[in-house]
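Pulled from TrEMBL:
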- 55-59, 130-136, Asp159, Ala254, Gly322, His370, Asp437: (6S)-NADPHX binding site (BINDING)
- Asn56, Asp126, Ser162: K(+) binding site (BINDING)
- Gly436: AMP binding site (BINDING)
- 8-216: domain 'YjeF N-terminal' (DOMAIN)
- 219-495: domain 'YjeF C-terminal' (DOMAIN)
Amino acid sequence: MAISSLEMYVADRNAEWLGVPRLVLMENAGAAVARNLLRKFPNASNVLVVCGTGDNGGDGYVAARHLHAAGKRVRVVGLGEPREELARVNFEAVRRLWGVELAVVRDVLELLALQDWFLWADVIVDAVLGTGIRGVLREPQATAIDLMNAAAAPKVAVDVPSGLDPDTGEVRDKAVKAALTVTFHKAKRGLLAPGAERYVGELVVEPIGIPPEAELVVGPGDFAYLNFSRRADSKKGDHGRVLVVGGSLEYSGAPVYVAKAALRGGVDLAVVAAPEPAAYAAKAQGPEVIAIPLEGARLSLKHVDKLASLAERFDVVAMGPGLGTEGETPDAVRELFNKLAGRKPLVVDADAIKALRGVEARGVVVFTPHAGEFKALTGVEPPADLRARAEVVKEWAARLGGAVILLKGRFDVASDGQRVKINATGTPAMTVGGTGDVLTGLVAAFLTKSKDPLEAAAVAAFVNGLAGEEAAAQLGFHITATDLLDRIPGVVKRFAREQVV
Ligand SMILES: NC(=O)C1=CN([C@@H]2O[C@H](COP(=O)(O)OP(=O)(O)OC[C@H]3O[C@@H](n4cnc5c(N)ncnc54)[C@H](O)[C@@H]3O)[C@@H](O)[C@H]2O)[C@H](O)CC1
Ligand SMILES: [K+]
């Protein structure tokens with residue numbers, strides 16, 4: 001099964017989150033390259049390894065060390081010193097081997113001075129560019145590719161033939177024509193694209209120790225699907241506007257938690273539209289939450305048109321928290337859902353879920369049920385076994401028109417009907433009321449930061465759980481949902497690339 005370079009990056013980072021150091025992955029990758037080169041070219045004596053400045057180059061330095069240890073005569077050209085820690089460790093290790101000739105070139109001229117090394121080689125390892133290639137080929141990488149292709153020696157490409165797009169297989173400029181490509185964990189989609197075989201040669205996919213959970217668990221890698229950067233000339237509203245439809249005579253806190261969490265999740269504006277008693281109570285909760293009162297004590301059909309037109313001014317609508325299930329509320333929820341689904345990204349939680357049994361979702365809809373609400377939505381009790389639970393959530397997400405279902409629990413299980421993500425963060429301290437509302441607010445906020453609603457929901461669960469863990473670590477079990485709110489920005493900052501662009 002092929003994988004994209006982004007999915008590979010996520011698996012790589014989440015393996016590390018699960019406790020598999022990335023240096024171990026790099027060691028396994030480089031060793032796999034050496035092993036396959038020795039298999040395919042057992043009589044080669046002179047091996048030239050050409051290393052780029054990223055982790056692809058790092059794999060190359062590891063392969064150089066293993067080939068040297070296997071008795072080959074090894075020369076290494078570094079196209080500049082590595083920039084990342086991992087590749088640097090392996091660069092330094094090669095530099096100390098007096099049996100390996102290492103030349104670091106700073107430009108094309110210095111590279112061209114080593115042309116005879118390319119003629120000396122019986123086999124050449126291409127460790128210049130892998131999944132990190134960006135834009136048009138720069139120097140000295142471009143000339144390195146020419147020198148490798150001009151040499152008679154067969155090439156062994158590390159992960160991806162340098163110059164080939166790992167996702168599309170496109171060669172915009174030029175690429176190494178390899179006799180063998182050793183790729184890691186899973187084949188990158190571009191390696192299987194029509195026409196790629198003239199660059200890929202024989203393709204070998206080597207496991208490097210990434211556990212299957214790394215593609216299931218939500219971790220730091222998943223933040224790559226969300227954009228937390230801000231333009232210097234940003235204006236209010238650029239980073240998201242969330243409308244929360246919730247509250248009733250009895251419940252005013254739930255929609256406020258949703259709104260405050262959305263703000264803490266990075267939106268500029270969070271507005272609560274609630275029946276009068278809840279709206280006035282929400283106003284009293286603090287200046288950051290704006291509340292629009294709906295006449296009467298609970299959501300009813302007469303409010304639907306006003307809410308539908310109000311929603312036009314927002315990026316995401318979260319509906320459900322605190323609505324209750326009395327009177328016309330369920331009908332009003334169904335009516336509002338049918339007006340907005342497909343027009344506005346929706347987060348449907350709590351009492352709104354109960355009103356939507358058998359609904360056909362359209363567009364971006366994220367349901368955030370706990371087990372009881374899942375049963376109300378589907379009629380099915382989610383199984384306790386995590387694998388079975390994931391299958392049920394995936395099946396129902398598909399049956400609900402490709403909606404995302406985030407089933408909350410000890411392990412949160414999210415699916416869009418195709419993919420499954422499982423979140424393992426959280427603490428028993430989070431059983432206190434309101435933490436589900438905070439999650440709803442984070443889902444709404446992250447839907448404004450990603451085109452991938454499954455990943456927005458998964459990362460929201462990850463952040464919510466870590467905020468709960470941090471609160472419990474400081475305060476013990478008796479936290480409230482408010483304690484999560486203040487910790488959310490710090491959790492996001494820890495993992496997200498928050499840059500001014
Ligand atoms: N994902 C995994 O599980 C593992 C991947 N490994 C190897 O890591 C590379 C990806 O490494 P990365 O540092 O992200 O990128 P690259 O080394 O491929 O390239 C980035 C490097 O090259 C320079 N560069 C980028 N674009 C260009 C260009 N158009 N022209 C010139 N130079 C360019 C950039 O400046 C960087 O320095 C993956 O392929 C695997 O080989 C791990 O080692 C094992 C686990
Ligand atoms: K390569």
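Including glycine, each Cβ sits where the backbone N, Cα and C put it.
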Enumerate in sequence order the binding-site residues Asp55, Asn56, Gly58, Asp126, Thr131, Arg134 whose Cβ-atom distance to ligand 1 is under 6 angstroms.
Asp55, Asn56, Gly58, Thr131, Arg134
Quick test of your reading of the structure: among the binding-site residues Asp55, Asn56, Asp126, Ser162, Gly436, whose CB sits under 6 A from ligand 2?
Asn56, Asp126, Ser162
Counting other Cβ atoms within 10 Å of each residue's Cβ, which of the binding-site residues Arg134, His370 comes out lowest?
Arg134
Could you measure between Asp55 ((6S)-NADPHX binding site) and Asp126 (K(+) binding site) for me? Cα positions, answer in whole angstrom.
13
Tally every other Cβ atom lying within 10 Å of the Cβ atom of Asp126 (K(+) binding site).
33
Near the K(+) site, what residues other than Asn56, Asp126, Ser162 in the same chain have a C-beta no further than 8 Å from the centroid of the listed C-beta atoms?
Val50, Gly52, Gly57, Gly60, Ala127, Val128, Leu129, Gly130, Ala157, Val158, Asp159, Val160, Pro161, Gly163, Val176
Report the mean pLDDT of the predicted model across the domain 'YjeF N-terminal' (8-216), rounded to a whole number.
97
Inside 10 Å of the Cβ of Gly58 ((6S)-NADPHX binding site), count up the other Cβ atoms and send me the figure.
30
Between Asp159 ((6S)-NADPHX binding site) and Asp126 (K(+) binding site), how far is it from one CA atom to the other, in Å?
9
In terms of Cα spacing, which of the binding-site residues Gly58, Thr131, Arg134, His370, Gly436 are within 10 angstroms of Ser162 (K(+) binding site)?
Thr131
Cα distance (Å, whole number) from Asp126 (K(+) binding site) to Arg134 ((6S)-NADPHX binding site):
17
The one of Asp55, Asp159 whose CB sees the fewest other CB atoms within 10 Å, among these binding-site residues:
Asp55
